[in-house]
Amino acid sequence: MSHTVKIYDTCIGCTQCVRACPTDVLEMVPWDGCKAAQIASSPRTEDCVGCKRCETACPTDFLSIRVYLGAETTRSMGLAY
């Protein structure tokens, strides 16, 4: 099941989300928009299990990474209307 993984430009390039992901959905890619000169990327969203460990690991005040669960997961969790 695929979930949407969004990475925002508030990413500081710390790699915490990449290390927290149990399914290797994330990787770091070069980016000049932050001091670390890298940003998280999500090239394998089809492997995302929706655990949101990446969100939990993010140290920025506004989460730089968000996982939006697919409709099937939301329904199975009783969150759908």
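The backbone N, Cα and C atoms fix where each Cβ goes, and this holds for glycine too.
In the domain '4Fe-4S ferredoxin-type 1' (2-31), helix, strand and coil residues by DSSP number 5 helix, 8 strand, 17 coil. Positions annotated as domain '4Fe-4S ferredoxin-type 1' by Swiss-Prot: 2-31.
Proximity of C17 ([4Fe-4S] cluster 1 binding site) to non-local residues of its own chain (separation of 6 or more, Cβ distance below 8 Å) is seen for L26, A40, C54, E55, A57, C58, S64, I65, given in sequence order. Swiss-Prot lists C11, C14, C17, C58 with the feature [4Fe-4S] cluster 1 binding site, giving sequence analysis as the kind of evidence.
Feature annotation from Swiss-Prot assigns [4Fe-4S] cluster 2 binding site to C21, C48, C51, C54; the stated evidence is sequence analysis.
Sorting each residue of the domain '4Fe-4S ferredoxin-type 2' (39-68) by its DSSP state yields 8 helix, 7 strand, 15 coil. Positions annotated as domain '4Fe-4S ferredoxin-type 2' by Swiss-Prot, on the basis of sequence analysis: 39-68.
Mean model confidence of the domain '4Fe-4S ferredoxin-type 1' (2-31) amounts to 87 (pLDDT, 0 to 100 scale).
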